[in-house]
Amino acid sequence: MSNKKNSEILDQLLFGHNLDDETSRVLMKRWLNNEILDVQTGAFLSALRAKGATGMELSCMAEELLNACKLPIDRPDLFMVDTCGTGGDGSNTFNISTAVAFVASACGVNIAKHGNKSASGKVGSADVLSNLGINLNSSLDKVISAIDDIGITFLFAPIWHKSLIKLAPLRKALGIRTIFNQLGPLVNPLRPNAQVLGVASEDLLTPMASALNKMGMDRAIVVHGYGGLDEASLEGDNKIIFVDNGQLKHSILNVSDFNFQNTSNNDLIVSNNQSYENILESVLKGSGQKAHIDVVALNTSLVLWVAGIEKDIEKGFEKALFSMSKAKPWDKFLSLKAYLET
């Protein structure tokens, strides 16, 4: 194990030098073991943000977090997909990736959705699901078995990564995106086989895709949406990296290449007289605004691709629309709610 002092590692970061495998792991272990003072943590997080975390740093730190997270029962022998992204795009859109999780599950994908409450002003996935009656504190056994019995589950991050709870107030006080925003989507305790991961900044595309690849993800799409969304947008060019069996491929996704209607990102913003919960419910029931339903269908089509269910984006889009038109995603939601109640 590296015997570098915390101050030496901090100096390395402040000079813009990347951390090697061992030092990245040591830094995370020290966080987990409460061996870093709060003032040092603030400095580390700021230095890492200024330098920019590499795929190697992210994958090594994520693996240490996962090693510290023990499952109470065996991982289900299923091909699972997560839709957790970095968040923090500041767009005040409704919870698109949360809606996508239920729609994709209704289309036959086993969804292991990892999420948290908001660290900013926006309502996080855990906030909206809790407000709609999902029990975030269900037994861990139940949370895991739900994906086998229902086809979807929700893993509330603080329940699984308790050692990081003490960092939450400091992260909030800093008021900036930190490396933990990037680590969140990488540390799903069920270690899904595939993922659609939205990033709030274009410069996160390559390190996040590289981290997923280094961690052995079978298939993934990392997407930075037009206008700064951390989801695929219906308005313009979406920058994408496909991760497929060890290979990374950069691409551009624009709805003008398909038979989709162009829609402004502004139509996805939650206004003062709307609630995140009502929008999510209406989308899952297929009764929501067309812009909301269409953007969920677009992003669901990406999930269907990584899951190997639908290779054609347009067909995936139509499959998602059909599912919502029959309110099947809402049925999935109600099933999960009932399952986790006890």
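Even glycines carry a Cβ here, placed using N, Cα and C.
The DSSP secondary structure for Asn116 (anthranilate 1 binding site) is coil. A C-beta separation below 8 Å, combined with a sequence spacing of at least six in one chain, links Asn116 (anthranilate 1 binding site) to Gly124, Ser125, Ala126, Phe156, Ala157, Pro158, Gly184. Residues or ranges marked as anthranilate 1 binding site in Swiss-Prot (evidence: sequence analysis): Gly85, Asn116.
For His114 (5-phospho-alpha-D-ribose 1-diphosphate binding site), the same-chain residues lying six or more positions away in sequence with a CB closer than 8 A to its CB are Asp82, Cys84, Leu155, Ala157, Gly184, Pro185, Val187, Asn188, Pro189, Leu190. Marked as 5-phospho-alpha-D-ribose 1-diphosphate binding site by Swiss-Prot on the basis of sequence analysis: Gly85, 88-89, Thr93, 95-98, 113-121, Ser125.
Listed in sequence order, the residues of the same chain lying 6 or more apart from Ser97 (5-phospho-alpha-D-ribose 1-diphosphate binding site) and placing their CB within less than 8 Å of its CB are Thr83, Cys84, Gly85, Ser125, Val196, Gly198, Asp230, Glu231, Asn299. Taken from Swiss-Prot, the feature Mg(2+) 1 binding site applies to Ser97, Glu231.
Taken from Swiss-Prot, the feature anthranilate 2 binding site applies to Arg171, supported by sequence analysis. In three-state terms derived from DSSP, Arg171 (anthranilate 2 binding site) belongs to a helical segment.
The secondary structure of Glu231 (Mg(2+) 1 binding site), as reduced to three states from DSSP, is coil rather than helix or strand. The Mg(2+) 2 binding site annotation in Swiss-Prot covers Asp230, Glu231.
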Practice prompt. Select one residue from Thr93, Arg171, Asp230, Glu231: among these binding-site residues, choose the one with the most other Cβ atoms within 10 Å of its Cβ.
Written response: Glu231
Worksheet, complete the sentence: Across every protein chain in view, the count of C-beta atoms other than its own within 10 A of the C-beta of Gly85 (anthranilate 1 binding site) is 29
Worksheet item: Near Lys117 (5-phospho-alpha-D-ribose 1-diphosphate binding site), which residues of its chain come within a Cβ-Cβ distance under 8 Å, counting only those 6 or more away in sequence?
Response: Gly124, Ala126, Asp127, Ser130
Response to the item:
Thr93 (5-phospho-alpha-D-ribose 1-diphosphate binding site) falls, by three-state DSSP, under strand
